[in-house]
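Below is one structure; the comments refer to it alone.
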Amino acid sequence: MYLENKNNLEVELTQKGAQSNQSHRKSKAVANNFGGLRLLEGFSEMRETVTPSHCVVYEEDFSPVHEEESNNFSVIKFLKGKTKRSGYNEKSPLLKMSSEDEGITYMALHDPTFTNGDESWESSSAELEKRCHLGSEVTSLSRSTSTEKSDPLDNLNLNFTLSNSLRYCLSICKISTIFAIVIICSLLFSMYPDRESPWQMIAVSSDERFSMNLTEFRDNALLKVQVAGPFIDNMAGETTEEYVVVQVEQNEEAGSRRRRPQQVLYNWTIPVNSQRNDQILKTRTFEVTNSGPISISIQALLQDTQVVPLSMSLQSLYASVETQVVIAGVILAGVYALIIFEIVHRTLAAMLGSLAALAALAVIGDRPSLVMVVEWIDYETLALLFGMMILVAIFSETGFFDYCAVKAYQLSRGRVWPMIIILCLIAAILSAFLDNVTTMLLFTPVTIRLCEVLNLDPRHVLIAEVIFTNIGGAATAVGDPPNVIIVSNQDLRKKGIDFAAFTGHMFLGICLVLLTSFPFLRMLFWNKKLYNKEPSEIVELKHEILVWRLTAQRINPASREETAVKYLLMQKVLTLESLLRKKLKTFQRQISQEDKNWETNIQELQKKHRISDKILLVKCISVLGVVIFTFFLNSFIPGIHLDLGWIAMLGALWLLVLADIQDFEIILHRVEWATLLFFAALFVLMEALAQLQLIDYIGQQTAVLIKAVPEDHRLAIAVILVIWVSALVSSLIDNIPFTATMIPVLLNLSQDADVNLPVKPLIFALAMGACLGGNGTLIGASANVVCAGIAEQHGYGFSFMEFFRLGFPMMLMTTTVGMFYLLAIHVGLGWNT
């Protein structure tokens, strides 16, 4: 049967060999579909496999087949007999692997007995092409017993079983709908040019006023005015008596109730820096009531007769604030729908949202240029992530993470919950002094290895750790980016909110939050089984299958050798899956119990998990210690002119030199490029939403609600509104731009004589809500995304809903405790000065 099929195959290939164009297209199809081979379930006597000539497969029941007609077909020594195969098992090296399963034997890819490799490849390529058309169908078999994430349609929690045809139709509809939206957004973005708002240089003083008239404005549009000059960043309050006043005036047409036109006047006051040494850009939009002419006048109110140089730019927007906010809300909801239901990968969802937001800006007449979009990306955060990923990748080669996992197991004396509490507490303490992202980059590999040792599911433990990382980051002025923004504001420092005052105030509240968080976390995990429901041997085998498959999927065959390697990887997957089926029949599923013989296990683990490279470990600890120490000093010593991103990049460069890394591909494969791209797309999305007035609108509406409250209860309502609005908004969008936007809003409220509110309770409520709100969703904080990316790289990725089920209740509880703490000390005790 085997010879008959092979002869028919060669005849068919010979007839098609003359068609060079078809053969060329066929070769490309083979390269794309080369993921494995199709297994026929009813084919029990013989399984025909497809390999390149460098990796010949033989059957136990058949002698090796060599065709004399193929002059270039390589002759390989046949390894025969059980004695030669007995030394191999499912954990043998891939390219020197042999499996007794179904009688298949694999030769090494670079075996010294090979003849000329080029000739072998050329002669067997036709046969290889024909057989490998079945390769793309191996995935259906592999997915049946794998722990890999299923199709996104499986995550919709449907209560009925979809047929294959219906599932295929839904998949086509999903792709078609998303592609149609992308095409529409691309067309809209390409139809409008980049905004061309020429800058006009002017000079004003106390005696000279600049005036101009504008015409040809659409109805219900916005006038965007940008003024650059020696201004004070944010609001200066009582720190200066010099201002620049911008007046926008328009006559509103007479209506049915008015016989004469009414004058609409907007005043915009900008504080001027007395040093005249900084150029600050200020932007504000004014509502245009009709298409009539608009008068703009600019005058300076100075204490002397000096001239203030300014540059001004005017631009017309074709959508009202409410319309822009609605568009921004729809885009944000669409992005969350894609992420929540896992319709596409979160990185692609962020990119799609960015494209939609940019298309919306183009339609309203505010399309940014490519240079401006690139400037929206926070490269300091990306540099910090990239540098720390390089450091952790090299650090993991020393075996230090396995060693720490064993020590944590020994410290907890084999008990799971004490170990989880210790890990969460250490993560919270470290994140109070380090960046949350840095903390999770160091803790995630240790936690994953520890859970593998204890046969625990790492997902729930990682989610608990990142939750406490965000909580601990709120305790100090350097633990979370919103806190850094607050203590760096010069106006707030003049109000008495400096590093010491902020840390002392927030530290006490976060301690109370931590005390209540541990029992609540235990309550959330009450019905969750932390142990895997299968023996550790089966769990490890499933995870190994997933890792092998992910490795195969990452190979993009660009040559015959890479194609062969990818094929061997899929063969390894199939062999391990066959072994898994046998073990699943042998072992009975049982819930593992906590180790009672933990002392014996510790001794065995200590022998197995040791430091593999002590010299490299010393280098890594030295460099990482210097980097973390510099992180800490950067917040206190202004003489260090390095941001966190620069420090991480320099540390990565130091360690690359000391470790004498020769193969950069190995290190670069450990970098989470998808996570970095997600952050870049997320920065563009959030800045575009800010350009669509979403964040400003939220801040303004919060201020309106506070002003509407009676004065007797205004402080308490203001604290409740600010902390909950901050927490909920920070769960949905980035808390950094929201914090930067809310600071001037709260300062205006505190300076408004009609409102009469102290600024400290409002600022502390903003900080508490912005930091704790990051636990609400998976993309609420940078540490969440980083932890999910690293876990996914190790084969333990968790979805949006898995994080939401634990993170959102924790966010509600911690925000409630923080609210009562602020109400007690500010409303009850009057700690407002």
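Start at 1 and count along the chain as shown; that gives each residue its number.
Any Cβ shown, glycine's included, is placed from N, Cα and C.
Please treat TrEMBL annotations as automatic predictions, because they have not gone through curation.
Per TrEMBL, the features are as follows:
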DOMAIN    336-769  domain 'Citrate transporter-like'
TRANSMEM  168-192  transmembrane segment
TRANSMEM  317-341  transmembrane segment
TRANSMEM  348-364  transmembrane segment
TRANSMEM  384-404  transmembrane segment
TRANSMEM  416-434  transmembrane segment
TRANSMEM  499-521  transmembrane segment
TRANSMEM  616-638  transmembrane segment
TRANSMEM  644-661  transmembrane segment
TRANSMEM  673-695  transmembrane segment
TRANSMEM  715-733  transmembrane segment
TRANSMEM  810-831  transmembrane segment
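The largest share of C-beta pairs under 8 angstroms with the transmembrane segment (416-434) comes from 616-638, of the ranges 168-192, 384-404, 616-638. Note on the transmembrane segment (384-404): residues 435, 437-438, 441-442, 445-446, 449-450, 609-614, 616-617, 620, 623-624, 627, 644-645, 647-652, 655-656, 659, 661, 667, 670-672, 675-676, 679, 786 of its chain, located 6 or more positions outside it, place their CB under 8 angstroms from a CB of the stretch.
Looking at which of 168-192, 317-341, 616-638, 644-661, 810-831 has the most CB pairs under 8 Å to the transmembrane segment (348-364), the answer is the stretch 317-341. The transmembrane segment (810-831) shares more Cβ pairs under 8 Å with 715-733 than with any other stretch in the list 168-192, 317-341, 616-638, 644-661, 715-733. Pairs of Cβ atoms less than 8 Å apart link the transmembrane segment (317-341) most often to 715-733, out of 168-192, 616-638, 644-661, 715-733.
Proximity of distant same-chain residues to the transmembrane segment (715-733), defined by a Cβ-Cβ separation under 8 Å and at least 6 residues beyond the stretch ends, is recorded for 332, 336, 482, 686, 689, 694-695, 698, 702, 705-706, 709, 739, 742, 746, 749, 757-758, 761-762, 765-766, 768-777, 780, 808, 811, 815, 818-819, 822-823, 826-827.
Note on the domain 'Citrate transporter-like' (336-769): mean pLDDT across this stretch is 84.
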